[in-house]
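Per Swiss-Prot, the features are as follows:
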{"type": "BINDING", "residues": "Gly75, Leu80, Arg145", "note": "S-adenosyl-L-methionine binding site"}
{"type": "REGION", "residues": "212-265", "note": "region 'Disordered'"}
{"type": "COMPBIAS", "residues": "220-257", "note": "compositional bias 'Basic and acidic residues'"}
Amino acid sequence: MTGLPDAPEVPPVAVEIFGTRTGSAARYVELLATDGVERGLIGPRETDRLWDRHVLNCAVLADVVPVQADVVDVGSGAGLPGIPLALARPDLRVVLLEPMERRCRFLHEVVATIGLEDQISVVRGRAPDAGIGPDGRRFGIAVARAVAPLERLGAILFPMLRPGGVMLAMRGSRILEELQDARSGLGTQGWHPVDVVRCGEGRVEEPARVLRAVRSSQRTRAESRGGRGDGERHDGRQVRRTSRDSLRSREVGRDQPTRGQSRST
């Protein structure tokens, strides 16, 4: 590992988000900056931004995940967003689904090193088939980070979620344009309501932009005839408050009440 950059220092906000697991989060960042770069999972130019752009950006996704949810991270790669999400929320059970063997080896090593083997499982395979258990078990939450265009991603994740389950797709600055293009197709697939939320605003340097969509009980074209669904909602609550608030959410699988308003489809 000679010549590889050092892991960046732990920012103060990491303690707020990870609490007693901050040390484990720091160890994960160190592994990303060393083994992750050496194995081609993280670009060397990203090491200075590992906390803000990657780990914290993914961890604040916890703001919109309900208590004790079973989560699948589709196309996990280097463990983003699944590992930061699990570190921030010990109540969750997380499956990292990844088709590439070399990435799975890295994920197994990371999970063992940071001591999350009781909380995180690594599964090698492709969605959606590999993400459904032999007993037909489906998940309550599916998360993905830059895996596929939204409409295609919706088709992949739909069979992996039980009715009322939630897709959380992390996207970039063009998220509203992407939603505009994919809205009709997502509705036809059976996603309703659909909205955009911003997680971690006011706490982290780079808030997460997330498309949130609820899986209906069946696929119907009528699902695509609702409202516009192109507003952004702002989720700035602290992670610790999320667990209590999400129990009072009126929708199955939705997050705690958030600041701001959005329109949904």
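A Cβ is built for glycine as well, from the same backbone N, Cα and C atoms used for every other residue.
For Gly75 (S-adenosyl-L-methionine binding site), the count of additional Cβ atoms within 10 Å of its Cβ stands at 21 [all protein chains shown].
Just so you know, of the binding-site residues Leu80, Arg145, the Cβ with the fewest other Cβ atoms around it within 10 Å is the one at Arg145. DSSP assigns Arg145 (S-adenosyl-L-methionine binding site) to a strand in the three-state reduction. For the S-adenosyl-L-methionine site, the Cβ centre of Gly75, Leu80, Arg145 serves as reference, and the other residues of the chain with Cβ at most 8 Å from it are Cys58, Asp73, Val74, Ser76, Gly77, Ala78, Pro81, Gly82, Val143, Ala144, Ala146, Val147, Met170.
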